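Some notes on the structure that comes next.
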Amino acid sequence: GGYVANSLAIMTDALHMLTDLSGIILTLLALWLSAKSPTKRFTFGFHRLEVLSAIISVLLVYILMAFLLYEAVQRTIHMDYEINGDIMLITAAVGVAVNLIMGFLLNQSGHLHSHSHSHPHSHVTQSNSPNTAHSSSHGHSSLAVRAAFVHALGDLVQSIGVLVAAYIIRFKPEYKIADPICTYIFSILVVLTTVRILCDTGVIILEGVPRHLNVDRIKEDLMKIEDVYSIEDLNVWSLTAGKTTAIVHLQLVPGSSSKWEEVQSKAQQLLLNTFGMYKCSVQLQSYKQEMSKTCASCQSSSA
């Protein structure tokens with residue numbers, strides 16, 4: 001519709017919709033990849049393909065946005081263009097209608113979902129039972145639906161802006177400058193909605209600590225475990241969004257090497273349950289063994 005009407009505003013609005021479509025595709029891709037088993041070569045699985053897809057889709061969006069911005073600047077300078085106000089108005093009206101329908105469906109879905117799971121169960125379930133996991137996943141789904149509803153409201157506001165611009169251009173063609181102005185505004189919105197994706201993917205590629213975790217807090221809680229003397233090393237990174245991995249190297253207090261299984265179990269439970277790790281590896285070392293190894297290396301070096 002934007003191409004036929006020669007309207008950059010509608011094409012930029014469509015570009016913003018393309019970013020939403022990319023997010024949905026990446027979510028489906030992540031769900032599909034999470035079901036695939038690791039191979040001998042890719043022992044961590046194929047979760048990072050989601051990150052690569054996110055970067056590629058954002059870069060493609062930026063290329064299209066740069067082209068639209070260039071055209072908007074040319075139109076602002078030369079003003080030698082014509083816009084079909086009727087087609088622009090019809091396309092913008094359809095966009096508003098679709099966003100209204102989507103927002104209504106998401107709102108109804110959120111209400112029905114929360115209502116259907118608001119009644120207490122008549123039976124008691126264990127904390128690690130499938131029912132608990134099922135209700136937890138429904139809670140996350142409800143949050144996702146509400147987040148999508150809020151995002152749909154933002155898209156609706158943008159579509160209304162395009163409709164207003166289309167109305168102005170249709171009945172006041174001399175104010176056609178509203179079209180490139182909308183392109184400038186919507187380009188900023190596209191950048192604001194994608195820069196977070198680039199930042200998050202950059203942290204994942206550089207194997208940084210996810211923003212929701214605090215390494216100092218993890219160390220403090222690990223040190224509270226009985227018979228832990230020190231933390232020699234702690235690495236926390238993400239395979240992809242929502243799948244955090246940790247490797248920790250603990251040193252036991254002198255004389256407690258016989259309790260290593262208990263310490264390892266507590267550390268794993270802390271990382272998996274409290275901090276929500278996807279995978280974790282806990283390495284243990286006796287304090288006396290470390291001292292003896294150090295002394296042996298010192299003796300060999302002095303000799």
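Any Cβ shown, glycine's included, is placed from N, Cα and C.
Annotations in TrEMBL come from automatic prediction, not curation.
Feature annotations, courtesy of TrEMBL:
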{"type": "COMPBIAS", "residues": "113-122", "note": "compositional bias 'Basic residues'"}
{"type": "COMPBIAS", "residues": "124-133", "note": "compositional bias 'Polar residues'"}
{"type": "DOMAIN", "residues": "1-206", "note": "domain 'Cation efflux protein transmembrane'"}
{"type": "DOMAIN", "residues": "210-285", "note": "domain 'Cation efflux protein cytoplasmic'"}
{"type": "REGION", "residues": "113-138", "note": "region 'Disordered'"}
{"type": "TRANSMEM", "residues": "14-34", "note": "transmembrane segment"}
{"type": "TRANSMEM", "residues": "54-73", "note": "transmembrane segment"}
{"type": "TRANSMEM", "residues": "85-106", "note": "transmembrane segment"}
{"type": "TRANSMEM", "residues": "148-169", "note": "transmembrane segment"}
{"type": "TRANSMEM", "residues": "181-198", "note": "transmembrane segment"}
Who are the long-range neighbours of the transmembrane segment (54-73) in its own chain, taking Cβ under 8 Å and residues 6 or more past its ends?
8, 11-12, 15, 18-19, 22, 25-26, 179-180, 183-184, 187, 190-191, 194, 197-198, 201
Among 14-34, 85-106, 181-198, stretch most in contact with the transmembrane segment (148-169) (C-beta, under 8 angstroms)
85-106
Residues of the parent chain within Cβ reach of the transmembrane segment (181-198), under 8 Å, 6 or more residues beyond its termini
8-9, 11-13, 15-16, 19, 23, 54-55, 58, 61-62, 65, 68-69, 71-72, 158, 161-162, 165
I'm checking region-level scores; what's the whole-number mean pLDDT for the domain 'Cation efflux protein cytoplasmic' (210-285)?
91
